[in-house]
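Novice: The structure follows.
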Amino acid sequence: MADSGKPISSLGFDTLSDRLRKSLACDTHDAADNTNKPDFRELDLGSPVSPLRAGPGPAASTSSSSSGSVSGRTGSGPRSGSGTLPGRSDSAGTVNNHSGELSVESSPTFSAGGSRTFKPGHKRSDSRGGTVGSPTIHSGGSSATSPVGNVLPSGNIRPSGKPLTTGMMSSRSSKTEVLSLGTGNYGHGSIMRGGSATKSAVSGGENQFSAISNSSNSRRSSIDPEDLKRLGNEQYKKGNFTEALNYYDRAISVSPDNAAYHCNRSAALMCLNRLTDAVKECDLAIKLDSGYIRAHHRLGSLLISLGQIENARKHLYFPGSQPDPNELRKLQAVEKHLNKCTDSRRVRDWSSVLRETDNAIASGADSCSQLFACKSEALLKLRQLDEADLNLINAPKYVPSSSQTKFFGMLSEAYLFFVRAQVDMALGRFENSISMIEKAGQIDPRNVEVAVLLQNVKSVARARARGNDLFKSERLTEACSAYGDGLRFDPSNPVLYCNRAACWFKLGQFERSLDDCNQALLIHPNYTKALLRRAATFTKLERWAESVKDYEVLRKELPNNNDIYESLFNAQMELKKSSGEDVNNLNLGGKVVAITDLEQFKAAVASSGASVVLYKMSSDLQCKQISPFFDTLCTRYPSINFLKVDLEESREIGDAENVRVVPTIKIYKNGSRVKEMVCPSPEVLQSTLRHYSV
């Protein structure tokens with residue numbers, strides 16, 4: 001150095017400490033005086049985690065280092081653009097916080113008065129040369145809207161007061177860098193130095209992993225069950241009960257010991273007709289909170305619909321509450337009709353029993369299985385067996401009760417099996433009947449009615465089995481006696497009457513057979529086997545009109561039974577013969593005769609009985625549609641002659657009968673036309689033929 005003999009100060013050099021201070025400052029002066037520049041170029045590398053964007057305006061701002069932190073500058077006064085880092089401008093006015101910003105107020109070292117305590121020599125200057133009192137550190141112009149408070153800065157943050165590390169000055173610090181834990185708002189890419197800086201992010205210097213675990217637990221429990229309940233209530237009001245139930249289930253999964261959630265769940269279950277589950281939910285709500293009035297009232301309403309009047313009264317009149325007036329009226333109405341039903345059943349007034357059960361169901365006990373069973377019992381006694389069976393099938397499912405409630409002096413569940421056993425026995429389902437009454441006996445072994453019916457069912461089943469064995473062995477008289485023994489235990493059993501009628505029929509005692517058939521049909525009017533046996537008996541007694549009548553009913557019930565079809569035709573033939581009609585040209589039917597000439601046509605329609613003629617054309621669409629149905633009708637009405645005339649082949653027949661439109665159907669009786677139908681529907685045609693079939 002040429003001037004090495006001069007003092008350093010006289011050469012314009014600063015001391016080492018001054019050079020170091022100036023190297024960290026970005027102060028700028030006039031271009032001619034700016035001789036003391038840093039010995040390295042400060043590059044804007046940006047944050048390696050979250051990009052730092054340029055500020056929104058050209059206003060002068062405080063400079064920041066490449067890592068986004070502030071070095072303690074000592075320069076003052078305005079700075080020219082030559083000393084400002086590109087893309088590093090902070091607003092001089094009010095600063096908006098964004099997702100990547102950290103308010104200094106959130107720093108653990110921020111004073112209570114709202115100003116940060118800076119170390120000497122580390123004051124931060126604004127663009128006006130003054131000291132900033134409550135500054136914020138920006139990570140860039142992010143437009144995210146994350147919470148402002150309690151967040152750490154985005155980008156690489158260097159602790160304040162530390163000199164900028166460069167390749168010329170020092171080697172890279174050996175301190176580790178860790179992701180900031182923040183206060184549960186992790187995710188903005190903040191990196192902090194290890195050591196004391198890390199501890200400041202966790203209150204009280206707690207372990208990092210403990211903080212992460214606590215944050216995770218907080219997120220898992222962030223679902224508010226009250227919000228779920230509110231959403232469930234909204235769906236419930238809209239009538240979306242399945243969706244409401246789903247929300248209540250989720251609320252219960254978060255807070256299973258909340259009685260209100262269980263009570264609301266029971267309401268949704270009631271609307272879905274899941275009464276068993278609804279009762280359980282109300283019981284659970286009361287178990288969790290014994291003084292929960294709404295749960296008591298809801299359970300009381302449920303019990304009214306189930307016909308459990310005494311239990312319902314206990315919950316509706318829960319101490320400290322007033323029952324709902326509507327529920328109270330419903331309770332009183334159901335109780336009144338149940339009492340009348342009990343009195344009527346005691347005196348075997350089954351018509352009154354039927355009426356009062358209907359009234360009790362209509363008054364509010366519409367889910368009471370026992371009332372439906374009582375109605376079936378009344379229908380059975382009134383000899384409406386099919387209706388009694390159907391009513392039991394459609395009855396609500398039985399809801400078990402923890403209390404030993406009784407119905408007509410019998411345990412509630414036992415009464416259901418008691419009625420089912422009676423209906424099964426009347427319909428000939430003896431094995432099932434025995435099973436049902438045995439179950440009733442197990443539930444209520446001390447009840448007299450159950451015990452008596454159990455003995456009767458077993459006796460009737462034994463008598464029927466013995467009679468059947470004797471009948472198969474052709475010991476018909478003894479079989480009649482066996483069936484009679486069974487009728488002494490159950491005088492209203494149609495199966496035993498019908499079986500005994502079969503014995504009398506084989507013995508040739510047709511009048512006695514007819515009596516037993518009539519008795520069986522009186523008890524069970526839709527008993528097909530008894531009706532078939534009576535039709536055959538009428539035939540043996542040559543009572544043709546009654547025989548035809550029974551066979552016609554059977555023909556409707558069993559349209560594909562050829563035996564019934566043939567028996568009906570024979571009975572119709574005999575009925576015509578008995579009235580003096582000529583039946584020589586009648587045949588068994590089942591076939592439509594095609595007519596091709598006028599003479600053949602005249603002979604066919606002139607025969608005794610009714611003849612129905614279809615005038616058609618093979619090319620016509622409507623004729624093609626009705627022709628197959630016309631063919632099936634001839635098997636249903638064998639006493640009628642069915643004829644077809646194709647006008648494309650036999651135009652002279654159409655002209656003689658004045659047929660202008662096809663399809664046309666005409667009915668003749670004894671050679672004279674009695675009915676004409678143009679393009680009839682299948683229903684009209686069948687109804688008309690039924691009128692002329694006898």
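A Cβ is built for glycine as well, from the same backbone N, Cα and C atoms used for every other residue.
Taken from TrEMBL, the feature compositional bias 'Basic and acidic residues' covers 29-44. TrEMBL lists 29-225 with the feature region 'Disordered'. Taken from TrEMBL, the feature compositional bias 'Low complexity' applies to 53-73. Under the heading compositional bias 'Polar residues', TrEMBL lists 91-114, 133-148, 167-177, 197-211. Sequence annotations record features per position, and here TrEMBL assigns repeat 'TPR' to 225-258, 414-447, 494-527. Under the heading domain 'Thioredoxin', TrEMBL lists 594-689.
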Novice: Mind looking up the mean pLDDT for the repeat 'TPR' (414-447) in the predicted model?
Specialist: 95
Novice: At a C-beta cut-off of under 8 Å, are there same-chain residues at least 6 beyond the repeat 'TPR' (414-447) that contact it? List them, or none.
Specialist: 369-370, 373-374, 376-377, 380, 385, 388-389, 392, 398, 407-408, 453-454, 457-458, 460-461, 464, 490, 492-495, 523-524
Novice: Within the same chain, where does the repeat 'TPR' (225-258) have neighbours whose Cβ lies under 8 angstroms from its own Cβ atoms, ignoring anything closer than 6 residues to its ends? I mean 6 or more beyond.
Specialist: 264-265, 267-269, 271-272, 288
